[in-house]
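According to Swiss-Prot, the active site annotation covers His102, His127, on the basis of similarity to another entry. According to Swiss-Prot, the substrate binding site annotation covers Tyr67, Asn148, on the basis of similarity to another entry.
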Amino acid sequence: MTQSSTPAVETDSKTGSSKAISFQDYLDLSKQAFHNQQPLHLLTQRISFQDWARLRAILAPALYVDYTKIGKEKWDAMSADDFMAMVSNDDFLGDPCVKTQHLIGATYWERVSESKVIGHHQLRAAHQVYTSPDLKTVKLRGHSHATNEHYYVKSGGVWKFAGLKPEVRWNEYKFEEVFKGSYTQSEKHS
């Protein structure tokens, strides 16, 4: 009996079609050059650099946002405008004293349909909070190690970011104190 060195491609049990994405879609979704216009790279760069206008440009009109595994809410169809308001808020990623870098590790892609893909990503998000917007003195650090499902939809031939579902594996330092809106006054003093 001979074994094939080519791994089997997963198929949908109902339709028999492949769940694999095309090579071109793989390139489009995961290109890592700084000048690209693709959602995975732009998502991490725009959040890390608080580049809100360019982040907004890669969003689908409605996003599935599921923060239930990190103790927050779930939205089945959050508008892009509401998503932008949430992430750019001073109590979250818009705080001028918070700097982040989101690094993506291993990734695999799952095709849901011709126009929908789920990216399964390992993620390390480093955060530093400074005492003031001049970014001279570090107040605290907090880093998160997680896996994320990122959702993408293809519209007009272009992939758009359509949501996320993070699951934190573990945090370092004082992650729970990084975002002003992430914990209550009573938790601050406990």
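Placed from the backbone N, Cα and C atoms, the Cβ positions cover glycine too.
Take the Cα of His102 (active site) and measure to each of the recorded positions Tyr67, His127, Asn148: the nearest one is His127. Cα of His127 (active site) to Cα of Asn148 (substrate binding site): a distance of 17 Å. Comparing the active-site residues His102, His127 by how many other C-beta atoms lie within 10 angstroms of each C-beta, the top residue is His127. According to DSSP, Tyr67 (substrate binding site) is assigned to coil rather than to any helix or strand.
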